[in-house]
Every structure is written in structure tokens, then in C-alpha cells.
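Taken verbatim from Swiss-Prot:
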- 1-35: region 'Disordered' (REGION)
- 1-16: compositional bias 'Basic and acidic residues' (COMPBIAS)
- 19-35: compositional bias 'Low complexity' (COMPBIAS)
- ILE49, GLY50, CYS51, GLY52, ASN53, PHE54, GLY55, GLU56, LEU57, LYS72: ATP binding site (BINDING)
- ASP162: active site, proton acceptor (ACT_SITE)
- 337-390: region 'Disordered' (REGION)
- 348-358: compositional bias 'Basic and acidic residues' (COMPBIAS)
Amino acid sequence: MDNKKKDKDKSDDRMARPSGRSGHSTRGTGSSSSGVLMVGPNFRVGKKIGCGNFGELRLGKNLYTNEYVAIKLEPMKSRAPQLHLEYRFYKQLGSGDGIPQVYYFGPCGKYNAMVLELLGPSLEDLFDLCDRTFSLKTVLMIAIQLISRMEYVHSKNLIYRDVKPENFLIGRPGNKAQQVIHIIDFGLAKEYIDPETKKHIPYREHKSLTGTARYMSINTHLGKEQSRRDDLEALGHMFMYFLRGSLPWQGLKADTLKERYQKIGDTKRATPIEVLCENFPEEMATYLRYVRRLDFFEKPDYDYLRKLFTDLFDRKGYMFDYEYDWIGKQLPTPVGAVQQDPALSSNREAHQHRDKIQQSKNQVVSSTNGELNTDDPTAGRSNAPITAPTEVEVMDETNCQKVLNMWCCCFFKRRKRKTIQRHK
């Protein structure tokens, strides 16, 4: 691959350092003289391990540190490229608790590549592992962390707009942060503070849906511009999903996706908070009432919301010892293929069987532009296969197998979902 030609395409920025620390480069990358597919000078590209909303995910390895990484790839000719924007948002977020490290951004052949740290399983994967119900203690430990996580994102002038269990991951097993809940995938994030005027974005209506229908706020269903309040309401819906095992608006049938989203929104509005939170501590209802009453421009009282749950946590006599429901169950590790707990596969299979339609139609809303597509489960995505040239040697089979059971910080689809499109 002609590296000099690549240099002409983009202006030079920062090169990835040998240490593997964060860098942004326009250095042409691809097949090295040794026939290994590379991203930047450090990162060897391995096998495909999944697909995200807008591209493909590869296993990678930092040749200087021997650490495994995740490499997110997006075709340069994508109709709505967003990987560079996501990279910018990650840089804007910096090194906060529960924010994955980004090691590198630059071209890789006909693709843009972002290199991130590997993390552990998602909350959805762990939910499957735990018979699709979490205890109150586990939900509270998750909730307290995620309120802080969302507060941090908001403090960087971003709203997240993509709350779902698949986007929250624990750390890599064996890592010191393995019990920390991380937030990933900022492809749908948006600046709610205008970088030029330093003012809050204006209130608007008739907006296209952005987010995941199951968890998004009622106001999002109504076509209202999202702000900080909507991220917190979506979290509240997710907390109740974990406690209840399902939500009242799951499994609704409709002739078209648009009608289905309408039904989901109607059912959310028609379900009283008291009914949604019935048989659970009052604090769950108090949380939802508070976030639904917030004004579009209003800064949420994160301390109040955290205190709701920390007080309940203390009153129940719990200890914040990170003893989640999944502790003691067999999880993947980065040092070898570990036999999966049979309960995970059986629970997942049973769930997929009884909820097949519901899962396939609980869509992720894409940030690409286009029309509703009811047939193509990858409509609006850039999921074209990335194939190494025949002379390129990808990571060897043995090493790849050691980490193929690892989840990584860019959520890859465990279930393909049909998409609808939105305009920013």
C-alpha cells in the first residue's frame, strides 16, 4: 500500500507513540513489508469479532506492549461517516472513570480505524448470565455508577442519546477496573452546548427518533430535541428493565416499524410510573418522576439522584463491595478461551426463542440519513466486510482464539436489529 500517497490525503496530526498511548494519525497504513495488516506503527489487525452500528470490529494487538485491543473500522466512502466524530467525542471526554481509552485514530487502507481498549462483557450479556433478572443490590450499584458516568459525559457538553444495556460494559476480567461499569459507543452523541456561542442548543420539535426505542424517553418519542433529562430518563427505564426482567412496552406488534415505535411511545405514556415500579422500592418511582419533570434546559441534580439510591442502599444494609449477581459465574478472560457457563447459552437461547420478534424489532436508531427500511437489518449501516489482501497475514489462529471470547469496548451486535434513520 502506498504510504506516501496516503500522506497527501490528509494533513498530519499526532502519530501514535510506541507506548501505545492515544494518538491521531494520517499515516498510511495497511500491509507492512512483513505482510501483516497494520493500523499505525503499533497495532496489528486480527480477525473480525463483530459489527457495530456503522462498521466492523476487529481484534488487534499492540506490538510494543503485547496488549490486545479493539479496532473499529469504517469505510472512508461511508455515506454518513461518523467514526472521526466519535473519536473527537472520546478525546473531548478524556480519561474519566469508566471511559474507555482510545489509543489511535487513522487510516487503514480504504477504512478509517479507531483503536480502543478491550473491555469485558456488556450488562446485557451479564443479564443473560443471571437468568435475565438482577437483584436490587446489583441494580443500585449499577445505577449509582451510571448516574455519575452520565454526569461526567454531560460535564463535557455532550448528551449520550444511546442508552441500552449493550453499551455499558464491565472492565476486562483480571484488570483492576474489571468491576467498574464503562460507557461506550458515542456514535449517536451530540454537543448540547454550542461550541461557538457556549449556549444550550435550542428546543425543537418534529425531530426524528434517535436512540433505542425500548429505553428512550417519552419526549424523544414525541419528536422533541433531546437534552440531559432524556439520558437520565432512559437510564431509569433501563434500571426497571433489570429489576423487572422486561418492560410493558416490549413485544408490541405492528405492521410497520413506524407504527411499532408509535405503539411503544403510546404505551410508555399510558403506563403510570406507579405501575411500572410496582413492588419495587419507592425510590425507583421517585427517580423517574423527577427526571420526567425536568425542563429541557435544566441541569439535573445528579447529587439528589445519587443520594436517592445510596440512601436506599444503606437502608437495605448493603455493602458497596462490587459483589454483583454475576460474581462467581464463569466469564471470558484475556489469557485463554474459558469454557462458557452453560447457563449463559441456554438462557440466551430460551430468551431469543420466546422474544424473537421483540428483539429483532427493538431497533437501534442509526445516525445515518435515509428512509425507514423494514426488510434490511443492516439498513443505514456501513457493514461491508473488510477482507485482508491474500498476501496479508492476520493474527495467528492460536493467539486470536485466546481473546475471541472477550467482549470489547465497541459494542458489536449479538442480535442484528433493523434500523430507522435520523437527522441530527
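A Cβ is built for glycine as well, from the same backbone N, Cα and C atoms used for every other residue.
Annotated features, which come from Swiss-Prot, shown on the structure.
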{"residue": "ILE49", "record": "ATP binding site", "DSSP class": "strand"}
{"residue": "GLY55", "record": "ATP binding site", "DSSP class": "coil"}
{"residue": "ASP162", "record": "active site, proton acceptor", "DSSP class": "coil"}
In whole Å, how far does the CA atom of LEU57 (ATP binding site) lie from that of the residue listed as 'active site, proton acceptor'?
19
Reported as an integer number of Å, what is the Cα distance between GLY55 (ATP binding site) and the residue listed as 'active site, proton acceptor'?
17
Compute the C-alpha separation of ILE49 (ATP binding site) from ASP162 (active site, proton acceptor), stating it in Å without decimals.
22
Can you tell me how many other Cβ atoms are located within 10 Å of the Cβ belonging to ILE49 (ATP binding site)?
22
Distance, CYS51 (ATP binding site) to ASP162 (active site, proton acceptor) (CA atoms, angstrom):
16
